[in-house]
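Asker: For reference, the structure I am asking about is given below.
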């Protein structure tokens, strides 16, 4: 008795809970979350019959004395765990998850006959709050359909009992059977069950079905610190729940009204996703009595089972030697040709889902998410996370958030554009250009260009005004603030998702080392400061040298991009003379537009070709660095790909925005490239029209190309695979895992391509938005399609990817913040340098009719066009022409004391441009910083809830341990104390 009391008191002191039960009951608590109420209500039922619940795990053998061991359960045998190992376990860092993958089984498997040793487990103690009465029939129907479909789709071993958790594929003709045999033998030694079966449609293909039994699951779940739901006790009630009042009724009516929103998913369509509210803790076989285990087949979700199997595949040897390990290397050397978790079944059904329910989660995802008819609906993020894992779930959550935030940006951009349309005819600049019939512009090329009347640029001037009007500065400031608000509120959204998906305590330290890293540096070890265990270590000198080589490769590729842009510039200089003398009259009249359009198309082809080379080089450079973990590898590879493609995509745009027409000289003294080709000038209406054309064409063509490569290419390949199967075999039933093999694999870079496409689009939307206010609208339309396209691709065209975990979007958030900063700078320069906003502003208040005074109704821009054009004497060209032509610049006339020198107005405009850049940047950066300061990363109520629930978890774990010790004392014949020690 003394021994047990001391153990209990010691446990209590370790937890730091030296308070009485009455004190906890009297405490005024915070309002519990929606997740904690059902779990806490259920915990009272568990405490009544703890001895019955522990009999679940000891049905075959009697329990030994408590002071020697604790018995844990497996499917076929019991395992003795030394209590010393239990003492080594640290305090459970429990948080609270939306464990839909577990609690699904609690509510829907009442008709499922469990053949395990605990089939007679008392189901009256399950969480009944999770199963609404009106959905019970649909849940039973779903459970029956699901089990029948699993049996008929090839998702079980031949015995019809063991589920398939992973699939390996190899060719019989491959000669590396020794490596395969060794690898498979080691997998069996680790506890996996394997079953081979040849393909139906191809006699050379062999499939290996892998099943992980309960014993192995428990062992690796404990080793990998996988969090699972455990039992709870009710410690408090909320006194405010008894006096809800009128406010509660108001919110209930508001919630009912929101449920009628056509964009909200119908909850009844998801009988499989009732909100389950269970606290979780790291799984431990020594503390298995803490966890809620109703059915061993559903306790670990499909995603968890797949992650554990993949971990084993990655750390199993196939030959002697430290580097001969991992399924990835076996796939690379051709021993196997694929490894993937199977889909849960077909995504289509001959029976309607409304009347017969979904056959499986894949079918449900297709009907309620991936179909094009669901484009206006919210995404079922919990189901996406359940089926594809948290990493893919976070991607779609971020993509949906980004798309939703684009709506206000697109509306404001559209308003700026329509403002330009409605005020176009009232623009003084456009009026003056359209009426300038007697003003002749100097030739824009050397040989084939003639004098051009200024009014011939009337259309270009009006189009330019659509993008360069009074709303441009406002929209640039708005988009800079929008980018900050988008990122700050995404952090809040991410914190809510990580809490809901039980990722609060999931840290990077839990990641395992990459096999390539272990094989390279296995001789160099140091103690991990987190785990206290020795692990391979990369010396600093080796790391720095590899980083230097990688950085050199990055700069080389960036210089290659710049060279390609320079080649396009030379092309523009060469062909503009040819287009100016073209036979077709339309091209001859609009030779500048034709030159720009042809250059844009050629530049787009170069971008696509170089992207293929960049991917391979980035892959080699990243492997050369030997990153420590998979997340480090992904971040390093993603950063390289972003740098390559960002420079590749935007270098030509930067050239047009800031260099085109800036260093051309003046008539009679033009600057020439290699003393041969005259540098290109802007159109008489300005350079902004060229920038808009460049951005619009590249953005539009790239989105079409990306959508084709993401969906069209896999569709063609999958159609060809099905065609070959039908041609080779007829009337054969193809099992599900063979159908999965015929699908396209997810690319080896995971979500990198998806994120990269959206981040580059975010750059287009923000960096040059002052020149192209319709960019947010085009991005919004594209993303509405992109969400369903990606959903359709993941559900129907790709093999099921490994359900990986993640707490955020990785390095992409830092890249987005960098783009937001760059956007402020570039928009300041576009407004100050590329557009005519500053020259008009200086003229209006310094040189125009309103200089020094202002009268209401007076047009302050009258005479601006004439003021912005300089004179040149045609007789100086020696071509036998006389008179004057005009060109865009602020230089002295031929009759002045300093002809063709910059005038004072030029320096005033330059000073105003620099001042605008400084003021604009400081103002916008100040606003961005202030907004970021005002918006906390974690909502206040969520922060309080997390702290409160951590406290409650410690109390619950202590109570569970206390009752477990009391049960042991009862079985050993010692008196039981019903009060706290």
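Glycine too: its Cβ is placed from the backbone N, Cα and C atoms.
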Asker: Do you know which of 447-471, 497-521, 522-546, 547-571 TrEMBL annotates as transmembrane segment?
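Answerer: Comparing 447-471, 497-521, 522-546, 547-571 with TrEMBL, transmembrane segment matches 547-571.
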Asker: With TrEMBL as the source, identify the stretch among 809-833, 834-858, 859-883 annotated transmembrane segment.
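Answerer: Result: 809-833 is the stretch TrEMBL calls transmembrane segment.
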Asker: Out of 395-422, 472-490, 547-571, 591-614, 809-833, which stretch touches the transmembrane segment (642-664) the most, going by CB pairs under 8 Å?
Answerer: 547-571
Asker: For the transmembrane segment (591-614), find every same-chain residue at least 6 residues outside the stretch whose CB is under 8 Å from a CB in it, and list them.
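Answerer: Residues packing against the transmembrane segment (591-614) from afar: 444, 557, 560-561, 564-565, 567-568, 571-572, 575-576, 579-580, 582, 641, 644-645, 648-649, 652, 680, 683, 690, 693-694, 697-698, 701-702, 705.
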Asker: What same-chain residues lie close to the transmembrane segment (906-935): Cβ under 8 Å, and 6 or more beyond its ends?
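Answerer: Long-range Cβ neighbours of the transmembrane segment (906-935): 473, 476-477, 480-481, 483-485, 488-489, 492, 820-821, 824-825, 827-829, 831-833, 838-839, 841-842, 846, 889-891.
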Asker: What is the pLDDT of the domain 'Anoctamin dimerisation' (157-381) when averaged and given as a whole number?
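Answerer: When the pLDDT values over the domain 'Anoctamin dimerisation' (157-381) are averaged, the result is 79.
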